[in-house]
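Participant: What follows is a structure written as structure tokens; I'll ask about it next.
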Amino acid sequence: MFSKGRLGKWIPHFFRCDIARGPKLQIGLVPFPCQLGQSTPERFQSQSCKKYSVLEPKTRTVQGKYIVAFNGYFTAKARCHFISSALRNTEAENWRIVERENPASDYPSDFEVVQIRQDARSRLLTLQDHPYIKRVTPQRKVFRTLKLLSDGSSSCNDTRWVQKWQSWQSSRPLRRTSLSLSSGFWHATGRHSSRRLLRAIPRHVAQILQADVLWQMGHTGSGVKVAVFDTGLSEKHPHFKNVKERTNWTNEKTLDDGLGHGTFVAGVIASMRECQGFAPDSELHIFRVFTNNQVSYTSWFLDAFNYAILKKIDVLNLSIGGPDFMDHPFVDKVWELTANRVIMVSAIGNDGPLYGTLNNPADQMDVIGVGGIDFEDNIARFSSRGMTTWELPGGYGRVKPDIVTYGSGVRGSGMKEGCRSLSGTSVASPVVAGAVTLLASTVLNRELVNPASMKQALIASARRLPGVNMFEQGHGKLDLLRAYQILNSYRPQASLSPSYIDLTECPYMWPYCSQPIYYGGMPTIVNVTILNGMGVTGRIVDKPIWQPYLPQNGDHIDVAVSYSPVLWPWAGYLAVSISVAKKAASWEGIAQGHVMLTVASPAENDSAVGGEMISTVKLPVKVKIVPTPPRSKRVLWDQYHNLRYPPGYFPRDNLRMKNDPLDWNGDHIHTNFRDMYQHLRSMGYFVEVLGSPITCFDASQYGTLLMVDSEEEYFPEEITKLRRDIDNGLSLIIFSDWYNTSVMRKVKFYDENTRQWWMPDTGGANIPALNDLISVWGMAFSDGLYEGDFTMADHDMYYASGCSIARFPEDGVVIAQTLKDQGLEVLKQETAVVDNVPVLGLYQTPSEGGGRIALYGDSNCIDDSHRQKDCFWLLDALLQYTSYGVTPPSLLHSQNKVTPPAGTDKPLPERLEGNHLYRYSKVLEAHLGDPKPRPLPACPHLSWAKPQPLNETAPSNLWKHQKLLSVDIDKVELPNVGAYRPQVRPLSPGESGAWDIPGGIMPGRYNQEVGQTIPMFAFLGAMVVLSFFVVQLTKSRSKPKRRKPRIKRPLYLQQQQQQTPHTGRNPTV
């Protein structure tokens, strides 16, 4: 076997692992050229969209390069031998280890970057068979580019084509991006007031959050190591005095910041002048992981993370993020970081106000995820919203963000000097990171500070914002001083997030509070995070206990609990499923109880073998129960057959959204279909979610099954059961989307650097699978692709990349419209208008008591992601038809009613040849030739907890009742400094870089002396003044009073006195 050396020849593999010779070689590894490609970032400059700017990245897979992760840390020589032995008996003749020249090269590592030639890639899986190799994943290249956005007055995604379809380059969105917006961004808040008091907005965020109170107590971040992973920092920047180390992890030979983003983030954390940071005395460790061309690689992050662990970093700020929570090397390394006591703070994302837009790694349980607010305490419009989508379709998402703070118009350090303003959650993230650094420096026993205890202090002290739900604000607004009080009276313990479940508390507990529960409904799942402040690992002792309060009807609900077998790192999950007992089928009222669980964690400093720390926590539960609604009012949402990115390439439903091409919001009624859900609730419908196959629900309980934008295949057993259910009275509504194999090939992702294509696995919906589902009734969708504006039943409509109905029963009702052939436009850049495109079909099945079926070819009008004109009225009309059999007259007698298409003259859409849907499907599995269905999985079965009733009164206010155990805020006093805000001045030429605040108030050790002296002088001065007035009063009373002759004042003086305003002093004559 041979590999390519520096001279371009392929050299034998056994040279690869020899001890290096020469001054530039690393021990155990022969150097190979590091061929890291560079390119100029793409820029989008639509004239209608160039008012505002935002940093947006793209990711690309580097052809032929793979990250080989090992099960432990090994030397370079050992890693090389492992890879050599794994590939020795294969046909992989052409491979090499890519040299990585960075500060971590001198230390053992747990991964290697390997380049394999194209013809040898089929044998790649043999690497994973080696016992020391954990995983092999593609190397990622990340671009972070400046993108131009529009204001709210004009749409950047209007119906005009502003680009050619051939130029659809690699727009695979962002795995990791800087989450900051420029100062010109419109800071909308999601709430509107017609009249608002305008006031000057303060800019020094550290002082707004009262960091100066802690400064005057002598706490300035001293002794805390904080890492900034960003674009670097200039060596002699005047704002910083304690930069311990600057490291470069890119392929550029510079440590300086060429963009300014990294400098701004570092300034928010640790600037000492002008735009002050929170912790000026902290040790700054600058990690330059992005080039000036705004490019990075996954391997750069992995090496930098390893180095941060070696340097024993305490706090790490990561103002980047992306939707891919299945980037395994990255996610695994974040877990390893926090397991090594690194407190990671990360931005939650700038994809708001849409729900289901959380970014990774901020959405991980062990990371502090930060959202943004403005200076009037409104949630910033750009701040991403929850829930997490990891758990879909079978479970339910977790509460994120963890906390919110100022991220709109915040001032930070400029690239060379001075200050600048930025907005975004990437600004809010260093605000919290700086606060965490400052808080860590206030704790005498640093062993108490870990990722869990710090998060516990932050969320327990947060100030809840009124009128905002938990998926927008998390636990509330950062309160620095309350967090300080909690940390300084903290004892290691476990806690829960959220700390209680109250399905009656609106709006904070939305969406749980938006719909009561009832007997026979799908169990309500609440995903609670367990935070373990006692140690990096822990376990739940025995099983959680369900204790209903009998006086509060707790025996009317059943509870099932599942949980993490191991709490690592620092956290785990507690999934609580709530259902109504049969005896409450016709009962209405409030039921309460609590779940009690005990967490055990190994005692780190316990001399006894096997010693453990124990913490018991309660999770109060409060629900509203109503009698079971009638079948006609119950709608079942099919979540099981919705797929999303990650892991596969599932394209957006609207093909005009080229800059946001992936379907990654979960397609859930509480994420990107939130508005639709709210509308249905306002109309009196009860909406439940099916997270399992169609074979797992009792169709006799529901009026309508709602399928929207389905990408998954169907089990044969599902198809059979659905046909039987509809014959027995269940109705079906399907909102479909585009599907065309030629268009799918056209909109594949192309990386012009690596010549690699990414092919979509389905269209907007999986039309061939849907056609299999409804074929028994003589129905089918086509592969036509249409768009355009039209009017239906006096409502303005927009058809965005939808399909048409190809076949429909002749006794059904079909509505057609005149639309543009978008498929022709995509494929040939030609424009054509097509008349009588069937878009809507209504059908009553012929069986006695049978259900009804409604088909519509586009889901964008009910999807929040890129909805331009909603069609909720149409959904209401379809539900009236399916639930009650009432055909809307406006549709039945529509002028656009046409003869149902027979569809026998054209073939139906076929599945894309060579697609890889089986890799991500819950239904398909790989098979020789075409994939085939897996065996039908068993329906989920909940094991209901045995209740242990309590004959006592439940607490009335669950929120105020909850607090961290053993924490008494009142015991930790703060100095009475009022609203003091130190004013700073810029650095003068030739002036030293020491901390400088005029007025003699300086943080640090000197500040303690000044803080103790000022009250003494103030007291003595007040006593002197008081003594003077007492003496003067005594003298005036001791003198005998003598009458003085009254002097008549001149008339002009009397008039002048009457005209002069009273000033508080007696005028003299």
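Including glycine, each Cβ sits where the backbone N, Cα and C put it.
Predicted, not measured: the structure shown is a model, and the values here were computed from it.
So TrEMBL says this about it:
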ACT_SITE  ASP230  active site, charge relay system
ACT_SITE  HIS261  active site, charge relay system
ACT_SITE  SER426  active site, charge relay system
COMPBIAS  1039-1049  compositional bias 'Basic residues'
COMPBIAS  1060-1069  compositional bias 'Polar residues'
DOMAIN    62-140  domain 'Membrane-bound transcription factor site-1 protease-like N-terminal'
DOMAIN    221-476  domain 'Peptidase S8/S53'
DOMAIN    497-628  domain 'MBTPS1 third'
DOMAIN    629-895  domain 'MBTPS1 fourth'
REGION    1039-1069  region 'Disordered'
TRANSMEM  1014-1034  transmembrane segment
Participant: If we count other C-beta atoms within 10 Å, could you say which of the active-site residues ASP230, HIS261, SER426 has the fewest?
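Facilitator: The active-site residues ASP230, HIS261, SER426 were compared, and HIS261 has the fewest Cβ atoms within 10 Å.
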Participant: For the transmembrane segment (1014-1034), find every same-chain residue at least 6 residues outside the stretch whose CB is under 8 Å from a CB in it, and list them.
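Facilitator: Here no positions qualify.
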Participant: Between ASP230 (active site, charge relay system) and HIS261 (active site, charge relay system), what C-alpha distance do you get in Å?
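Facilitator: One finds 7 Å between the Cα atoms of these residues.
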Participant: Count the residues of the domain 'Membrane-bound transcription factor site-1 protease-like N-terminal' (62-140) that DSSP assigns to helix (H, G, I), to strand (E, B) and to coil, and report the three numbers in that order.
Facilitator: 28 helix, 33 strand, 18 coil
Participant: What is the separation, in Å, between the Cα atoms of SER426 (active site, charge relay system) and HIS261 (active site, charge relay system)?
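Facilitator: It is 9 Å, counting Cα to Cα.
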Participant: Per DSSP, what is the residue tally for the domain 'MBTPS1 third' (497-628) in helix, strand and coil?
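Facilitator: Breakdown, helix to coil: 12 helix, 71 strand, 49 coil.
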Participant: As a test of reading the model: what is the averaged pLDDT for the domain 'Membrane-bound transcription factor site-1 protease-like N-terminal' (62-140)?
Facilitator: 82
